[in-house]
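Participant: Copying in the features that TrEMBL gives for the protein in this structure:
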| type | residues | note |
| --- | --- | --- |
| ACT_SITE | GLU244 | active site, proton donor/acceptor |
| BINDING | ASP169 | Mn(2+) binding site |
| TRANSMEM | 9-27 | transmembrane segment |
Amino acid sequence: MRAWAGQQAVGGAVVVVLVVGGLWWAVSQPTPPPECGASLASLKDTLVRAIREEAQRRDTTHSHLPLIYVITPTYARPEQIPELTRLGQTLMGVPRVHWVVAEDAHVSNMRVVTYLKHTGLPHTYLLTPMPEEYRNQTMQPKGVANRNGGLAWVRARATEGVVFFADDDNAYDLRLFEEMRYTSRVSMWPVGLIIGSGVSTPVLRNGRFVGWYDAWIGGRTFPVDMAGFARPDALMPFKPGHEEDGFLRSLGISQSDIEFKAAECTQIYVWHTQTKKNYPYSRQILSPKFDGTNLRVLQRDIMLQPG
Ligand code: UGA
Ligand code: MN
């Protein structure tokens with residue numbers, strides 16, 4: 001692909017012209033004052049994205065793109081399928097993705113298996129139960145066995161690609177996946193809706209790393225949320241609160257290796273949303289008075305109290 005970008009001052013405005021294989025894009029915006037580093041950075045991001053999108057439009061197999069392995073821990077509860085539906089439909093908008101769904105269970109959950117088939121996404125379903133010794137702790141290492149199981153699967157098969165841990169309940173902007181796709185060591189970006197601080201992010205001044213912003217620093221070298229980074233691969237410890245930090249430190253990376261994404265951490269593309277907890281529903285749907293009705297079908301799709 002032939003691409004060229006130029007910038008020229010025209011009558012108080014900066015006109016940025018981009019040529020992609022014969023296609024012309026023109027973006028104009030007022031001349032930025034010198035301190036507008038973030039808006040210049042986001043303009044650059046827009047242009048880079050336009051070039052990539054044009055390349056993708058021409059190659060419908062997307063085979064030239066690095067593969068993104070999305071590893072999702074999940075477990076059975078009434079809101080499980082709704083959460084996976086939101087995430088699955090997001091991933092349908094991501095080219096070259098493989099979804100590794102690792103369930104905290106000993107037996108296959110047919111609701112999940114059936115839903116994954118329905119998405120048509122390249123996927124793998126794994127059973128990765130939390131070891132019993134952690135199950136009784138007050139602070140449980142949620143999703144750790146799942147993520148390690150997913151990583152082991154990826155490592156045994158992948159020769160290239162990027163790994164991202166996507167909890168089943170967060171909200172993801174499609175732009176996040178394009179940001180992480182070109183990661184060499186580790187990429188980081190802000191995560192919104194973090195309890196206590198509203199956002200968790202590396203802090204940059206004039207594009208340079210100066211520290212971390214998070215509700216809980218806790219002596220961690222990398223005080224980041226699970227949804228706040230992507231990279232090739234490694235293992236994480238069963239230590240609640242220290243999973244992300246332990247994972248990143250085991251890679252031997254330093255702060256200078258971090259690639260800051262999302263327009264130099266000025267955009268939020270992932271949100272730590274939390275769905276209200278629903279408890280299993282009463283069994284009144286099983287009453288014989290509903291025999292022969294559609295409720296006999298619907299009862300399979302909701303989680304009922306144990307009988
Ligand atoms: C926060 C962080 O954002 C998570 O990345 C971190 O794993 C988690 O804390 C933690 O406590 O370790 P939070 O929203 O509190 O997330 O946790 P959940 O969304 O309830 O669980 C994180 C992931 O683990 C989810 O994908 C969930 O489906 C899965 N999970 C949770 C299990 O597989 N088993 C469980 O028993 C609980
Ligand atoms: Mn969550």
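Cβ coordinates are placed from backbone N, Cα and C, and glycine is handled just like the others.
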Participant: Reduce the DSSP letter at ASP169 (Mn(2+) binding site) to three states and note it down.
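Facilitator: It is coil.
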Participant: Using Cα coordinates, what distance in whole Å links the residue listed as 'active site, proton donor/acceptor' and ASP169 (Mn(2+) binding site)?
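Facilitator: Cα to Cα, the residue listed as 'active site, proton donor/acceptor' and ASP169 (Mn(2+) binding site) are separated by 17 Å.
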Participant: Can you give me the same-chain residues 6 or more apart in sequence from the residue listed as 'Mn(2+) binding site' with a CB-CB distance under 8 Å?
Facilitator: GLU79, GLU83, THR273, GLN274, THR275
Participant: Across all the protein chains here, work out how many other Cβ atoms are within 10 Å of the Cβ of GLU244 (active site, proton donor/acceptor).
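Facilitator: I count 20 other Cβ atoms within 10 Å of it.
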